[in-house]
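Pulled from Swiss-Prot, these are the features on record:
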CARBOHYD  Asn153  N-linked glycosylation site
CARBOHYD  Asn371  N-linked glycosylation site
CARBOHYD  Asn484  N-linked glycosylation site
CARBOHYD  Asn617  N-linked glycosylation site
CARBOHYD  Asn625  N-linked glycosylation site
REGION    99-212  region 'Linker'
REGION    213-628  region 'Catalytic'
TRANSMEM  38-58  transmembrane segment
TRANSMEM  78-98  transmembrane segment
Amino acid sequence: MEASRRSAVKPVIVLKPSKRFPLVEDTPGKASDALPLPLYLTNAVFFTLFFTVVYFLLSRWREKIRASIPLHAVTFPEIVAIFAFVASLIYLLGFFGIDFVQSLIIRPSGDVWSGEDYEEENEVLLHEEDARTVPCGQALDCSVPSLPHMARNVTAQRLFDEKPVRVATEEDARKVSCGQAVDCSLHSLPPRPPIVTSQKLFHEKTVIVTTEEDEEIIKSVVAGTLPSYSLESKLGDCKRAAAIRREALQRLTGRSLSGLPLDGFDYESILGQCCEMPVGYVQIPVGIAGPLLLNGREYSVPMATTEGCLVASTNRGCKAIHLSGGATSILLKDGMTRAPVVRFSTAKRAAELKFYLEDPENFDTLAVVFNRSSRFGRLQSIKCAIAGKNLYLRFTCSTGDAMGMNMVSKGVQNVLDFLQTDFPDMDVIGISGNFCSDKKPAAVNWIEGRGKSVVCEAIIEGDVVRKVLKTSVESLVELNMLKNLTGSAMAGALGGFNAHASNIVTAIYIATGQDPAQNVESSHCITMMEAVNDGKDLHISVTMPSIEVGTVGGGTQLASQSACLNLLGVKGASKDVAGANSRMLATIVTGAVLAGELSLMSALAAGQLVKSHMKYNRSSKDMSNLSS
């Protein structure tokens, strides 16, 4: 019995409107309700306008009679005055005669609600929070006269629910009040109605229903007595905390978040690792480019982007590569870096530590200390740079299938603690001294590499260049030299010797749960093109020294991002070889960049860029209407 009473699904009762219990009050509308100005200002404006144009038209009429001018010969000011006269007259008649007009044309509101055609069109859902199941035939405190009051607390707007609902008719209500047997398979009416918070229902698409307890919490957050960041720990329900924080934010700012979805997301999955103080989530469309034939295997590449033409262009590049036999990618290096900065009292002491760290005899000892931090992290090298009495130590290590920033940081901290024994005068200024260098364009990443260093190449047949890419080998080679090489050099580019590598990198990063900010160094790329096979075919390659990706940790564990990794066959940690999945992901990113570079350069060479963007990347919506 107890188990049957504790239903996990909260049922919903729908009250059918009738003549006795209308869902909305019969309040007649007025013409002034359609205007945003206060009533007294609206009336003053139209009264003034009405008498002004009447005086003007009568004066003009008198002048025309005196000058023997036909009355139908009107000037532009007279036309404007006539329109103003008609508009003000309509308003004044509507304002003072609305009740009379409605009585002649429109049925009373009570008759409207009582019609059979409207009974199913105006259902009001009353959600129960703490209801209890009552056996059939028991006396219930749910008399019929209380129903209209409860119904008025909920907006009479049709609400949809995916769950099946039971319709409580007026006859059922009379049976309950008389103690007769009624089908009580659902819960009884709630002891207290929910509080409905609605703001400008004709402009908002959502109605937030909160309990009295949630309403008190919202008021506390708005008042500042309850910190917003503590809602998850205090409530124990991440989604409820997000909903309360969202409503409090709307009240504090006076701005609506109706376009930002709340439902359909697992907020437990981001607690303490991906995002703090969530109020919803942003939806980004994911397109598929491919198949990309890379190293003898086909990949369907997911790309999350809002830029039109990007997926289509990359897809065209994949087609050209596939028709030409595929592309080949080679991993050159795999090592994440972290560079702390330490300071000594003299430059001599800083140099002594530099010589100590770069001595091969000391590397094994330092590697043992470093490798204690993780079973995947393995120290590869230490590179030092001095600036006066400050020393920058750039540690490089393998990190398995993780991107590895946290892993290398823990290993570096172990080494710094170990060095304090022999260098007690060493002052650690920061665990990161920007010699790493993370999320910033830096020559050290371009030259030394960071993360995965990959090169990818393909030979595109001349027929494919002409038929698929709609250009020629000679045009592509010339454009690549003048744009990607000479043009980038003229601009003083650092790692930017490409057409749009960042576009593809960022789209794949967002889709697969990588850190989008690391596209700064991950997009370092040089694109090379040259004619081969007596000038008939095109050899194209991209070299990317700093691709920072992982298949475990961070955003990769989220459902959507995990699905995209699974599509590529690199989800989670590799069961065979540590780091194999993350290295495979890096090669796929490089192959997709190769396809994107090939297609965009072809569009530029053929003069198709502007035409394609006007067709696929131009909004057809009137932004002024959206903003209003």
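A Cβ is built for glycine as well, from the same backbone N, Cα and C atoms used for every other residue.
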Subject >> C-alpha spacing of Asn484 (N-linked glycosylation site) relative to Asn371 (N-linked glycosylation site), in angstrom >> reply: 41
Original post:
So which one is it: of the glycosylation sites Asn371, Asn484, which has the fewest other Cβ atoms within 10 Å?
Top reply: Asn371
Original post:
For the region 'Catalytic' (213-628), what is the mean per-residue pLDDT, to the nearest integer?
Top reply: 95
